[in-house]
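See structure below.
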Amino acid sequence: MASASIKMAHGSGGRLSNELINELFFRAFDNPILKQANDGALLTMDSKRLAFSTDSFVVNPYFFPGGSIGDLAINGTVNDIAMCGAVPRFLSAAFILEEGLPIKHLKKIVNSMADAARAAQVQIVTGDTKVVERGAADGIFINTSGIGIIQHQQQIAPQNAQAGDVVITNGYIGDHGIAILSQREGLSFETTIESDTAALHTLVASILAASANIHVLRDPTRGGIAGTLNEIAQASQVEIRLEEYAIPMRDSVRAACDLLGLDPLIVANEGKLITIVPLADSGKVLKAMQQHPLGRESAIIGRVLNQHIGKVTLETSIGSLRVVDMPLGEQLPRIC
Amino acid sequence: MQQRYQISVQGRVQGVGFRPFVAVTAANLNLTGWVRNIRQSVLIEIQGEPFETQKFLQQLQSKAPALAKIEQLNHQQIDNNDQTGFHILESSGKNEGVVSISPDIGICEHCQKELFYEENRRYRYPFISCTQCGPRYSILQKLPFDRCHTTLNAFPMCEDCLAEYKNLKDRRFHAQGINCAKCGPQVSFINHKGERIAEKEAALTLAINALQAGKILAVKGLTGFHIMVDACNHQAVLRLRARKQRPEKPFALMYPQLSMVKSDCLLGEQEKLLLCSAIAPIVLLENKHSNLSLSPAIAPNNPYLGVMLAYTPLHQLICRAINKPLVVTSANRSGEPVCCDNEQALEQLSQLVDGFVMHDREIYQGLDDSIVKFVNHEPMLLRRARGYVPDYLTLDTEYPSIVALGGQLKNSIAISKGKRLYLSQYIGSLDNIASVNRHQRTQKIMSRLMGVTADCVACDLHPDYVTTQLAKKQHLPIISTQHHLAHLYAAMLEHQIIDQAFAVVWDGNGYGEDGTLWGGEFIAVTADKPQRVATFLPFKLPGGAAAIKEPRRVAVALLYEVYGKKIASNEVLKSLSPFELSTIKQLLKMISNNINSPLTSSAGRLFDGISSLLNLGQISSFEGEAAMRLEFAAKTSKDKGSYPVPVDFAVTPNIIDWRPMLAAIITDIGNHVSSAIIARRFHNSAAIIILKIAQHYGVTQILLTGGCFQNSLLIEITFALLQEQGIAVLWHKKLPANDASLCVGQIMGAYKARHSYLNKKQ
Ligand SMILES: [Fe+3]
Ligand SMILES: [Mg+2]
Ligand SMILES: [Zn+2]
Ligand SMILES: [Zn+2]
């Protein structure tokens, strides 16, 4: 690794995160299940196929338009399990609380967790609580882990994208990241942008019902769709070519990104998934998604090619082909 | 008693008519022997009476073809033999040495005459050429420069051409590019649907008619496609701007003849010579605004016109028939490299043009037209490509073989070998796949042609530059050089300064050693190590790259540093910003909360910000637009005033505080002082900063480098001011001051790093 100490960018889902994971964690913990490099681990126990996943939530602010850290903590882990093609069942919840956190805030967060769990039909069955001194945490950190059952026989993995496949997403991208940023920094835009946080397992169920040939399922959280698609392009050794005009995006998010100088493709989502399916099945899948309440704005946003292997590219409105890089974490302009 | 000599000649001796010249000279002196191209040089044996052989050796130097550059000439006496006659032998590819390949050459006078002389057998043949003109580097696939190693290998010579080729007395004796209408490439006209509808003379007629009717054509030239349109048809020029989505960036013009240039532009003797030279670049000339029929959309808000002469027979045939200047711009999809392949042109340009003029001579490597500007009556290269590439720089000492991948914008590649540094053509911005592919292909071709296997790769410090990523994939040791140090080293190499230098590096942005964006640096190079001695007080760029494209964001950032958040409520300041109040508030929040607002010390951004405050440029449609407007405004004033710019010499690096200057500018604006005067005072102040720091460090010579020093006014003012104080000022002439030269500096950076590493090891 190039740097001597941890930088914020090591946690951004970008190139530095990947370096940390591949060069430190994977090497130290090396085992075949870990190497699947999925959102969660796929396990077989007593001939039952399970998906197991964990996630920590450190969002600031912990209340934001469209939800709270509590919703994220449930939906995030539910989604990671759902992206393994599994039906989520049981969750754990661990809290790290900062001295001084108002109890009424904690109550509100825990209640939103309970609501989200009910909505996602999962039970929180174990937990842990730690309190740290003022300043040692930022209000509240939550970790959740979860287990789900895999009931289908499909081969779904980031390694499985193939030339000829199409790339589908279930709606407007960038909502969550921009909602959080504007709430945290007190930036107000004409319309309030709300987080898209949602549990996606029922949408996944309709996708799996629509086609028996789903190749990839991922949720583009940290690092945005640029980060997720780069991982897939690398893992599958294919090119993923996006069409700029086809990517669903709210005007308000586009305007906010313009002001902030951010590429919407690297902004985090919490209620979005990417699925990659063979062209032949794409119509069925798209239709099934559009009929689901969380997929009304679903759209085909690109296709899989074997031209520029390992890269994500974007056909721009003026017809040139731009490389969509793996976000580094901190964007520093390259132009002079 | 006869003598026999073996002579080896190195330098630019291939593809410039050198072997025919040797053969003719030998024959005239009744010498026997032979001449041959070996891979990297020309080898000669001559035999004859001592008087004649000595004369030959003299004439080899004094009468060499104009395009030849002899760098090294060795001769030794060898045993006589009894061969008869003088022969041009087949090339041999075995020997190793150093290579000089001729750049592509504009049509020569003789060929021009023949082209329009009805009796000549090449009358109106669009590909007429000879030993002194025509395609060279762009068609060369491998060395030595023989027809069979170029894309002309698809065109076997006819009997007539072969006879000329073999005739010692003919102008085309051993001209590798020889051909005629019977055996050579042909032109065709293809409509926008991609259908070939005419050939040869009929194709030319269609092209000329189309241009006269205001149509936009893609025309395949010497080293790439151009897009052409009648420069006097305003509607047609506007149509081209709309189709290319290029609202303001100036277009170049191609003139049929010099006399017409003279009546439209101020044309000095030097400019004239360069324009008519074999290089035939685009030269920036002051527009006299005397030609009222020229479309005002050619170079809006710009006192210059970029002018070239019709430099190929095909261009001559078209331009002379139109008898007016044509807009001639590199044909590419926005941001992508110049198109040079027929198929590709059909695919990429059909939305842009109404028809194509193509030919079947393949362009192996695309090169844009070079651009030259005159500063203090001396040429300064802004874009180095056709006509200059692949000329090399001479190094002071033997370098290892290093390949330098350059920067992100205006990318070029450099390769060192022995005492030579080869510099690729301008490739462009590596923000699209096509440019990255062109970059990689260029590196491959260069390595092959120059016979270089690099043992180390040099690049920039910026972790996100495409070239940094590419460097990691080369499986070679990587040595990165900080952006502005590379600019400085490029200037040192150009001026052949070896170990000590003091430079002002003012440009846009480059990644600094502290992770911020530098760009307004004073750097001293000593025997020890380079030191950043002074820099501008840093400020934020709200939105990062967005602020680089929108100078108005920089203006808000500068105002914030001086007035704080008050600017949102201060009426005067608010009126200076072309933003809605709500947007200003958000930008201020981004700056104060550090949201995507990297710190920079860039001089280029300072120029941008001032340009925005004077309402000269708010959003740049091309790189450097706002700063150019500021320069042009300043040029119209002769004001001698300046603004206070204190330098804090107590800290390292010294900090140049631009805030009092900004406050004074705001006062001037409030007092309704004209933009021209303020812009001029700003330029004067910039020169004073340079003088102050140069004097503080007691330097006697200072280098000016970085993109800001494409600004001729800034150079001229600085030069005049410092010269008065006995300080020599050196600026770029042979290399662009911009990022295209980063690769050159990276070579020196890598060399120095390796050198000090080896020294430490010992
Ligand atoms: Fe630069
Ligand atoms: Mg996760
Ligand atoms: Zn000629
Ligand atoms: Zn012929």
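Backbone N, Cα and C define each Cβ position, glycine as well.
What TrEMBL records for B:R19, B:N37 is active site. The domain 'Acylphosphatase-like' feature in TrEMBL is assigned to B:4-90. The feature domain 'YrdC-like' is assigned by TrEMBL to B:201-387.
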>> Measuring Cα to Cα, how many Å separate B:R19 (active site) from B:N37 (active site)?
In response: 8
>> With every protein chain in view, what's the tally of Cβ atoms within 10 Å of the Cβ of B:N37 (active site), excluding that atom itself?
In response: 26
> For B:R19 (active site), what is the tally of other C-beta atoms lying within 10 angstroms of its C-beta?
Replying inline: 26
>> Restricting to the domain 'YrdC-like' (B:201-387), what is the model's mean pLDDT?
In response: 96
> What are the DSSP helix, strand and coil residue counts for the domain 'Acylphosphatase-like' (B:4-90)?
Replying inline: 24 helix, 37 strand, 26 coil
